[in-house]
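According to TrEMBL, the features are:
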- Gly87, Trp88, Ala89, Gly90, Thr91, Gly92, Lys93, Asn94: ATP binding site (BINDING)
- 257-312: domain 'Torsin-1A C-terminal' (DOMAIN)
Amino acid sequence: AVEPLSVGLAIGVASALTGYLSHPRFYCNYVECCPRAGQRLNATALKAQLDNRLFGQHLAKDVVLKAVLGFSNNPSPKKPLMLSLHGWAGTGKNFLSQILAEQVHPAGLRSKFVHLFLATLHFPHHDQVKLYKEQLQNWIRGNVSACPSSVFIFDEMDKMHPGVIDAIKPFLDYYEEVDGVSYRKAIFIFLSNAGGDLINKAALDFWSSGKRREDIQLKDLEPLLSVGVFNNKNSGLWHSSIIDRNLIDYFVPFLPLEQRHVKMCVRAEMTARGYPVDEKIVQAVADEMTYFPKEQKIYSDKGCKTVQAKLDIHEDL
């Protein structure tokens with residue numbers, strides 16, 4: 001016969017082991033979990049990532065850092081955080097959205113709680129706008145139900161069919177819940193080339209008047225962006241109720257990059273590949289880029305977008 005003490009001890013050990021293995025913290029060591037309520041972003045880590053990986057964008061760094069940390073530290077936000085990033089290709093919009101996603105969910109774009117939508121891939125047909133709107137609502141509702149701090153990134157907003165994005169307007173508004181689901185902890189990010197011309201002109205005007213690039217402030221560009229994008233027929237935000245209802249928290253401008261910023265991108269890429277930084281190669285890659293305006297050649301017309309490809313040519317060196 002088994003001694004009662006032995007049976008009791010075995011049951012106790014089994015219960016303790018079961019409790020330990022089923023504890024959320026143990027489970028989340030092996031399976032990605034949604035961040036706990038009240039969990040805050042690491043301000044130091046986010047700032048370091050922005051400083052070390054995003055070049056030439058003092059406005060975007062400052063605005064996003066303050067907006068995201070303020071949102072994260074607010075125990076009861078009144079609405080989701082909604083950022084709209086604007087600027088020409090290669091200026092760092094995708095890069096910043098990836099950095100932000102990684103800070104909220106360490107797996108970044110690979111996280112099951114981070115969702116990337118591409119206009120030309122996910123919403124290609126103009127005659128299916130109604131279907132896209134229904135699918136988008138269902139998708140967002142389901143994912144926020146699973147993780148309140150889900151991140152949604154909409155790329156190519158300038159190629160989005162007008163009207164599609166208005167489907168998410170109820171989720172961005174000042175509602176405590178929509179059909180029993182709260183969206184107040186979610187983050188929505190739009191990426192768009194729309195407004196890039198307005199930003200470039202403003203930057204060039206500053207340069208022409210002898211002012212420093214770093215003196216450009218958000219108030220110099222944000223009003224231009226909100227009006228320009230709202231009235232741009234080639235933008236997915238054309239006459240959007242999201243803008244009309246002032247649901248976008250910040251229109252974040254990405255300035256055109258100068259050659260010195262392109263060089264920073266080259267150095268960062270060489271370091272990432274494990275190469276010693278060779279300034280001759282840095283200069284050679286920067287010289288192969290094309291710049292505008294045609295006479296002054298101040299800004300890279302592709303930002304840092306082709307740096308990786310151009311550096312490949314110089315690998316033998």
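Using N, Cα and C of the backbone, Cβ positions are placed for all residues, glycine too.
No curator has checked TrEMBL annotations; they are predicted automatically.
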DSSP-derived helix, strand and coil totals, residue by residue, for the domain 'Torsin-1A C-terminal' (257-312): 30 helix, 5 strand, 21 coil
Using a Cβ-Cβ cut-off under 8 angstroms and a sequence gap of six or more, which residues of the chain neighbour Asn94 (ATP binding site)? Asp155, Leu191
Cβ-Cβ under 8 Å from Gly87 (ATP binding site), same chain, 6 or more residues apart: which ones? Lys93, Asn193, Gly195, Gly196, Ile199, Pro253, Phe254, Leu255, Pro256
Taking the center of the Cβ atoms of Gly87, Trp88, Ala89, Gly90, Thr91, Gly92, Lys93, Asn94 at the recorded ATP site, which other residues in this chain have a Cβ no more than 8 Å from that point? Phe95, Asn193, Phe254, Gly303, Lys305
Neighbouring C-beta atoms (10 Å sphere around the C-beta of Ala89 (ATP binding site)): 15
In the structure shown, which of the binding-site residues Gly90, Gly92 has the fewest other Cβ atoms within 10 Å? Gly90
